[in-house]
């Protein structure tokens, strides 16, 4: 506890020198401005690295992004938890086999254990039906044109826009192809579990070309959604004598996650604004009101603690960083051109 407090104090001291310039840039760049939930149409595809392009379907399927956005918006407005699931789905897809829709594949006789049946995804990962609905609408409008991998990327973007009230709305490059390999065993190899410490998390993200700041920023998605009690109880997070969790939160969670319970209950990840994609997560980290070891780990170094403090204090800063980090993550290991396919049904290979 003392070490964490010392690191946070050091981070806050260094933060003072940066805050003025950051605040100035926030006003200059319009942080805090709520953009329209509908991105400005792109007249021609704009290259955006990794072989992807913004406006990729401008000619082949002009309404592609609007179709996905309509399906996702309706689903998330009805159930915000689905939006959290769609954001998480993009992360889980991209960290395993790259952003290629492999997380969507159902089990078959030839492959009885795909990614979606891994303990990291089943039964907690949700939103598959939303992807199905969006893909069905796309097939009706533009058969064989839009990949399932791009649907997952668009859905993650659109869920972010809805849950943030438009503050985290951004252009998502497209042009991904769908993969044909999906192995449950690879999720355990590549997806960082909630028990990881900071060095383990940093190494996992570095393997995917993401930096420590990306780690801090993308962790902010834990401001929405729910978690199974088993995801944090096993780490001793609720132990009154050793936990680094706020005692009041720990006491509340012990009531919601009783020992030896017959069912694995779920709890909200952000007790303050559970259905809003906002910077409350970072305030929760600083107040030790977070569920996972991996959340608390962000205070283990002065650098990450300073990033946490900035995201908590500066209005609109995290949303701007989140947009960039999501696009960067959505370019991990993408398959383009003749590498991969465009599935007709996102649950099975062609």
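Using the three backbone atoms N, Cα and C, a Cβ is placed for every residue, glycine included.
Note: TrEMBL annotation is automatic and uncurated.
Because the structure is a prediction, the values reported are computed rather than measured.
Taken verbatim from TrEMBL:
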ACT_SITE  92  active site, proton acceptor
BINDING   192  substrate binding site
BINDING   222  heme b binding site
DISULFID  61-142  disulfide bond
DISULFID  94-99  disulfide bond
DISULFID  148-346  disulfide bond
DISULFID  229-257  disulfide bond
SIGNAL    1-28  signal peptide
SITE      88  site 'Transition state stabilizer'
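Location within the structure of each feature annotated in TrEMBL.
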residue	record	CB count, 10 Å
88	site 'Transition state stabilizer'	21
94	disulfide bond	29
99	disulfide bond	29
142	disulfide bond	16
148	disulfide bond	30
192	substrate binding site	19
222	heme b binding site	21
229	disulfide bond	22
257	disulfide bond	22
346	disulfide bond	22
(message) What are the sequence-distant neighbours of the residue listed as 'active site, proton acceptor', meaning same chain, six or more residues apart, C-beta distance under 8 angstroms?
(response) 103, 115, 120, 121, 125, 187, 191
(request) Rounded to the nearest Å, what's the C-alpha distance separating residue 222 (heme b binding site) and residue 346 (disulfide bond)? Just drop the number here, would you? (result) 26
(request) Sort the recorded positions 142, 192, 229, 257 by C-alpha distance from residue 88 (site 'Transition state stabilizer') and give me just the closest. (result) 192
(message) Please give me the CB contact count at 10 A for residue 61 (disulfide bond), counting all chains in the structure.
(response) 18
(message) When you rank 94, 99, 192, 229, 257 by Cα distance to residue 148 (disulfide bond), which of the recorded positions ends up on top as the closest?
(response) 99
(message) When you rank 94, 99, 192, 346 by Cα distance to residue 142 (disulfide bond), which of the recorded positions ends up on top as the closest?
(response) 346
(message) In whole Å, how far does the CA atom of residue 257 (disulfide bond) lie from that of residue 192 (substrate binding site)?
(response) 23
(message) I'd like to confirm something. Which of the disulfide-bonded residues, 61, 94, 99, 229, 346, has a Cα closest to the Cα of the residue listed as 'substrate binding site'?
(response) 94
(message) To the nearest Å, how far is the Cα of residue 94 (disulfide bond) from the Cα of residue 346 (disulfide bond)?
(response) 16
(request) Using C-alpha atoms only, work out the spacing between residue 99 (disulfide bond) and residue 229 (disulfide bond) and round it to an integer in Å. (result) 28
(message) Cα-Cα, whole number of Å: residue 229 (disulfide bond) versus residue 346 (disulfide bond)?
(response) 30
(request) Round to a whole number and give the Cα-to-Cα distance in Å for the pair residue 61 (disulfide bond) and residue 346 (disulfide bond). (result) 18
